[in-house]
Structures are given as structure tokens and as C-alpha cells.
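Please see the structure below; I have some questions.
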Amino acid sequence: MWPQVIPGSKSITNRALILAALAAGPSTIHGVLRSRDTDLMADALRSMGVTITEEAPDRYHVEPPAELSSGSIDCGLAGTVMRFVPPVAAFADGPVHFDGDEQARIRPMTSILDALRTLGVRVENNRLPFTVTSDGIPEGGVVEIDASASSQFVSGLLLSAPRFVNGVTVRHIGGRLPSMPHIEMTVAMLREVGIRVDVTPNQWTVHPGEIRGHTWRIEPDLSNATPFLAAAAVTRGTVTVRNWPRDTTQPGDSIRSILEDMGCTVEFISNGATFDLEVTGPAELKGIHLDMSDIGELTPTVAALAALATTESRLTGIAHLRGHETNRLEALTAEINRLGGNCTELDDGLHITPAPLHGGVWHSYADHRMATAGAIIGLVIKDVGVEDIQTTSKTFPGFETLWEEMVG
């Protein structure tokens, strides 16, 4: 049995940083994930005058300024920085310039930038690089967007909405909205700092109000935990993850039911005031038919499991993954098939049929979740080498070390 403490949630860390930057008073964030994505978020807010002090490696003290300032922001390849920070820039006293990695310049941005224009903010360009300029505090109001490419468009507007004079109502008018749990996370965190949010199907109204300074305690990143639990599933071993929350808005929590459906034994183990999650792999790993529209970020982990299962799998509802760090559907299909697998790309997902795999190079495409998917397969299939495993530092610095400790 291999127990492990997983670092804090990227999604919660970056939302807490935004709310702390916009708050009326200081905040403290415990359990901060330190990764490229979260460091980019902290640096983006610092560039607009927010004081973020590292009190410990995983603890920040955040002091918002009297007024946000103009600046230049490096988004890297962090979707949360690209989509959460432009609405914050609407409250700066001058232009805020955004740019990022070359790959980031092709990621969809039009929905949130057009929304800002509707709310009275000036935006130059429709993709990175772009500049956000506001003439005073924007009024806010009702905005209709197509967020079918990413729920981050909705969350980005909601997080800053309390600072708009009239608040903001966001209406989603496109196709099926992916990753609803991430929007639910945003709403829950807004309410935690005293903001009123009304929710109806495909519509969110955030009322204007003062965001309270807050002490945040960040849960472990459950999506980052999934490769380790998958390791138990494919090796018939047992893995324990410490401090798994019993009640959470994180999409990664869905891995519990997924692993059970694929034949694993999944149990909560009481550990004093907290709980650990223990997973034991089955003698025979079964395939799965799964609508993953709400949990798209788990697709690389589940696809790796499916490639090693004894029955076929069908993963659907994930057409939006074509717009992630890489086209994940195309990449997963290419890499599974490169190792002898049988993966077919569907209009909105993947169909994976059992096939004997062999060694080879698994390409990561500079995508952290692609890299961890290759690591899962490499536990079982001899001579699989993951190209650029270091890309996992985007959300999980030290992944390689923990993985090697687990493998022993």
C-alpha cells in the first residue's frame, strides 16, 4: 500500500487568488499549489499591484491594493490566467497587456473578450496578445456568451462580477456546457466570501457587493491524484491518497465511481479528523461507457485505463477537449495507436477497443495530462518512454519523484 499527500487544487488555488485580489481586505490561503499555472496567476495579480507574500511554501498572504494598476501579464499556457484575469483588468487604472506561450495564442478567447466589450470594457484583439482598458468602474449588466468551448468563460466573468456597479448576469446561449462542476465551484467560493449568486439553468446572476477577505484552506487536487489511483487499477495494487474530501465541488472526485465501475475496490478510510481514499485494483480491469462532459479533464487518465482494460470503452461528451493545451482527442488516439492500441476518434469522444500494447515513445505534446496518461500505461507495458515528463510541472511539480517513489 502506498500512501501519498497530493498538493493543493489548482482550480481552487487560482480562484482563491482572484477573489483575494478583489477583496476589501487581506486574505490568507493555506495549502496553495505551487506550479507553473498558479505561479503565473500570482505573478499576473502582482503585476496589477496586488501584494502576495509567501509566508510558507504552501501559504500566501494577499493584500489587495486600493486600486489595481496597469501592467503586462504573461499567461503562459494557463487557461485560468487567460480567462479569469481579463475581467479583473477591467478595474485597473490603465491598460493591461496580455500575452502567453505560442500554443496559448490559438486557444479560444473570443467569448470572454466579447463579453467584456458588452459590459463596457475596451479590448484590442480577439486572441493573445490583447489589451484590456477600462474607463472607470464598468457598469456590468447582462451578457450572453457561448461557453461551450470552456466553462472558464463563465467562471472568469462570475469571479469579478461583484465589483461591477450593477453586478453581472451571464447567460450561456451555446451548445452543451462542459465542466459544470467547475462553475459550481466558482459559485460556492463566491458565496463563501459573502456574495449573493442566483442560479437558474444556463444563467448566473452575481449581485454587486463587497468581497470579504477570507482564510482559504485548499483541498488536495483530486484530478492530479487520479494517475496514482489509476496506477492501483492497472497493477492490481493498492494506493491510498491522504485527506480526500468527503464533500467537494472538484470534478476529480468522479474518479471514485469510475474506478468502481471498472472493477476496483474504492473505500474511505477514517484518519482522525480527515479521510483517506484507498483504491485496490481488480484481477480484470473492465472497460467503461461514460459521458465525460462534466469531467473532461479526467479523459487522459480514463483513456489510459481504457487502453489497458479487457473490454471496450466509449468516452463521450468531450468534443471541447480539442481546444485544450493540445487537441487531446487527436493526441490520445495517436499515442494509444502508436503503442499498438485500437483507439478511434469520435465526433465527441473516443472509442477504445482492447488490443495488445507494446513499448515505444509516448509523446506529451507539452500537455501535463497527456504525460501522466503515458506514465500510467508505462507501469504495465514494458519499454514505454514518456517524452517530456517534466511538462507535468504545469500543475504538479515533483510528479516524477512521487511516481518513482510509488513504483519503488
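Any Cβ shown, glycine's included, is placed from N, Cα and C.
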Do you know which of Ser134, Ser179, Ser270 Swiss-Prot groups with Lys10, Ser11, Arg15, Ser150, Ser151, Gln152, Glu297, His324 in the 3-phosphoshikimate site?
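Of Ser134, Ser179, Ser270, Ser179 joins Lys10, Ser11, Arg15, Ser150, Ser151, Gln152, Glu297, His324 in the 3-phosphoshikimate site that Swiss-Prot records.
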For each of Lys10, Arg15, His324, Arg369, count the other CB atoms within 10 A of its CB; which of these binding-site residues has the top count?
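Of Lys10, Arg15, His324, Arg369, the one with the most crowded Cβ is Arg369.
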Three-state secondary structure of Arg369 (phosphoenolpyruvate binding site) from DSSP?
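Its secondary structure by DSSP: helix.
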According to DSSP, does Ser151 (3-phosphoshikimate binding site) sit in a helix, a strand, or coil?
coil
Just how spread out is the 3-phosphoshikimate site if you go by the largest Cα to Cα distance in Å among Lys10, Ser11, Arg15, Ser150, Ser151, Gln152, Ser179, Glu297, His324?
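Overall maximum Cα spacing for these binding residues reaches 19 Å.
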Out of Arg15, Ser151, Ser179, the binding-site residues in the record, which is closest to Lys394 (phosphoenolpyruvate binding site) when you go by Cα distance?
Arg15
Using the structure shown, find which entry in Arg107, Arg328, Lys394 (the binding-site residues) has the sparsest Cβ neighbourhood within 10 Å.
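Each of the binding-site residues Arg107, Arg328, Lys394 was scored by Cβ atoms within 10 Å; lowest is Arg107.
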Which of these recorded positions is closest to Lys10 (phosphoenolpyruvate binding site) if you go by CA atoms: Ser151, Glu297, His324?
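When the Cα distances are compared, Glu297 comes out closest.
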